[in-house]
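Summarising the annotation, TrEMBL assigns [4Fe-4S] cluster binding site to B:C36, B:C61, B:C122. Residues or ranges marked as domain 'Nitrogenase/oxidoreductase component 1' in TrEMBL: B:36-425.
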Amino acid sequence: MQLAVWTYEGPPHVGAMRVATAMEKLHYVLHAPQGDTYADLLFTMIERRAKRPPVTYTTFEARDLGKDTAQIFQDAAREAVTRFNPQAIIVGASCTAELIQDDPAGLAEAMGLPLPVIPLELPSYQRKENWGAAETFYQIVRHLGDKSLTRAPREGRKARANILGPCALGFRHRDDLVEIRKILSQLDIEINLVAPLGATPEDIARIGDADFNIVLYPEIADEAARWLERTFDQPAVRTIPIGVGATRSFIADVAELAGADPTPALGDTSSRMPWWSRSVDSTYLTSKRVFIFGDSTHAVAAARIAREELGFEVCGLGCYSREFAREVRAEAARCGIEALITDDHLAVEDAITAAAPELVLGTQMERHIAKRLGIPCAVISAPVHVQDFPARHSPQMGFEGANVIFDTWVHPLVMGLEEHLLTMFREDFEFSDEAGASHHAAHSPRKVAPATDPVSQAPVTDIPAPAFAAEPGSLWTAEAERELKKIPFFVRGKARRNTENFAAAEGRRQIDLDTLYDAKAHYAR
Amino acid sequence: MTAATLLDGCAAAQARPAADAPRPVLRERGQREVFCGLTGIIWLHRKMQDAFFLVVGSRTCAHLLQSAAGVMIFAEPRFATAIMEERDLAGMVDAQDELDRVVNRLLERRPDIKTLFLVGSCPSEVIKLDLAKAAQRLGAVHMPRVRILNYSGSGIETTFTQGEDACLAALVPVMPALPADAPAELLIVGSLPDIVEDQFLRLFADLGITRVGCLPARNARDLPRVGPNTRYLLAQPFLGETAMALEGRGATRIEALFPFGVEGTSDWLRAAASAFGIDPALTEQVIAPGRERARIGLSKLRPQLAGRRITFLPDSQLEVPLARFLQDEMGMVLVEVGTPYLHRAHLARELESLGAQVRLSEGQHVERQLDRVRADRPDITVCGLGLANPLEGEGLTTKWAIELVFSPIHGFDQAADLAELFARPLRRRDMLEI
């Protein structure tokens, strides 16, 4: 048993729901007890869909167990087909139904329904949401893809591509797709199919018509793309166009497969990020320590942007999906650090505390960890909450995505000019440490002055203090402590930690002014 | 709570004399768009501040809790899930050992926990993991520091608020005994927001009823006493199991309307006062200021709601008393009142005021019920969050039901807030010009 307060991923059948909800004219008959319909509100509330997910739950109860749950499943399947008239259905079990062993696949097959029935085996006690989505999409493609298709020769027609991976409840999938379509149109490439988002089962049948595939989100589409590679001899582009450099590589890779001229796409002038990053106000971003955590695809892309396009120092990198840990480990090695592969948010919190970053890039969970630790944060990956399904266009991919990323990541930081002012005028009350940076207001609570009467205030035992906060009874002399307070609060934690490490390494028993400045000299960049 | 006791509960409830002529109820089975009982943890853990709720279930259970709890999940909450994995399903002995390990680790980390609930889920019920035995075994180890209890919040047995019922029913056997010769005591049953509970306690004190207990208490270890001289008053309509357990210990129920709106709250207080032999003149004097404040508050909202047609989809069992309030006091027209489970005895008085033309439904076949909503086109539909936006997308105004469980809505001083919850979506629909 694993003790969990929070999980980065839902169970695998939620992944299957994401694929079913993304598609049109496909229905999911899910053998599940009352209550599993909670997952509907992820789609209707977080993604704000105005339609119910196309899922029929069998809703068996305790009194049904051991007698007619199989019948309940068949009735539900028959009703769903009659009512919704889908082109195909997928059938499967949620975690509880997996235990009662009704075999939805066999039951559905025995019914002889007049449409394709795609059985799903999603082991709920071993696998998770992304795996469920990948497996579901793979099974749909494998069952529905028309293997008798032969592509017309390339001469005299445009190159054709499938875009694979965009899904329901995907972080910025809607807008990423807009950017990818724009690039393909600049390269004069025809889109054969986007899937699963917006595709019908009949569309999937002609998936073999494309010359190659573009895998946008490997967590969802890689499994299917590998099958297509084998079955239809379709090569795949696996470059993820998140960041300016990655977008350029993506354009080059796609153009090469399509035999197209990449120049028009590369010459796109909507890319403002390189200039923003070079402008002098961004100088202060140099070597800002950043901690990155999310799904593998977004974490790796973020690390590359952080290092090569914003001049940050990546002090932590990790992902919650074991299936894609290899890419994260490789990127971490390039950053000179060790990757953190875990789905335990407490381990992530410990790692963030230990790394003492100046910026955290992560999921909804890291947003809360960073808030607790008082560190600026931006969201780069699912799972995300409702505010990260915005009304405005905000892709992560392509050149516009890079613009969005620059703004999103830099806003929570103290901007260069503001940082300068804070340092210069820190004795002025408007710029005092306790006032904080204006951009922080929404993220970190104002520091509460210590109560004059310690008895009147109950100790907050629930919330563990960050390891780098001031500890009473430390080695610090009063004078050194006062000097430390003059250092701006957003670097003070690091200064304290460095000084203490330095003192420990030097074997000094007291931290006085000299130790403080010796340490500063020691750690000077 | 096992499936068998649940069914007995239904039978017992129906065996009692209901209204003179039992009104027809549309009973349906099919897909149910409702939460399971685990969701009760979200508000129960706020009420009982020294208790911790450990769900023994699957990743789905953990995912449900975090989806329902929203941002509350992050402030070192007092609930968690022991997620069963492949190896736990291999053999029973192993699962019990694993549970011991998880509980010991949890109690080590959280020395502030005084009561631990092991909460059963669908997976743990289906593999028949004996949580009662586990609670006993672990309780023996950790008493007196931690009391360990168990109940089931599984979807195969409980719907949404029934999770609270199962939890409170698990507390009843450990309530201290009130001696048979002790003076009569009043017990308010059902978790209420602290502010509402305090209002009621003040009113009872003004009436001269001083021995009043609340179940649940704010600290799970300060359980009220129960015995043959306990008269209990249900604050919530979803407490069938708890009521049976209390009667098993000799307590008797005070028959009353549920305390929603002016009339509901007045009736609830009057019933208690009369059971304790309070002079009716004093009762009227004590409740008069609250009645008047509530009447003024409601009078402003009545024009916005009067004549509007409303449908309730099943969710919390609050539907019948809320429908009664909206009809009798706000002049709304009831189209369909759906409830996940209809406790005929506890709701007998509420049902009397529902007109014969009101369609009463128990259980759910969500597709057929939505067909009826589309045919009826009520002005407002009360439903869960899985259905609210899709219905709005079809041009139907909705009120999401969960808010009714989380917001203070009982009593005189919340009557207008309660009405406002229904008036606001309608007003918003009229305001928006895009």
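Cβ from N, Cα, C; glycine included.
Predicted automatically and left uncurated, TrEMBL annotations should be read as such.
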Neighbour tally for B:C122 ([4Fe-4S] cluster binding site), based on other Cβ positions within 10 Å of its Cβ: 32
For the domain 'Nitrogenase/oxidoreductase component 1' (B:36-425), mean pLDDT (0 to 100): 95
B:C61 ([4Fe-4S] cluster binding site), number of other Cβ atoms within 10 Å: 32
B:C36 ([4Fe-4S] cluster binding site), number of other Cβ atoms within 10 Å: 31
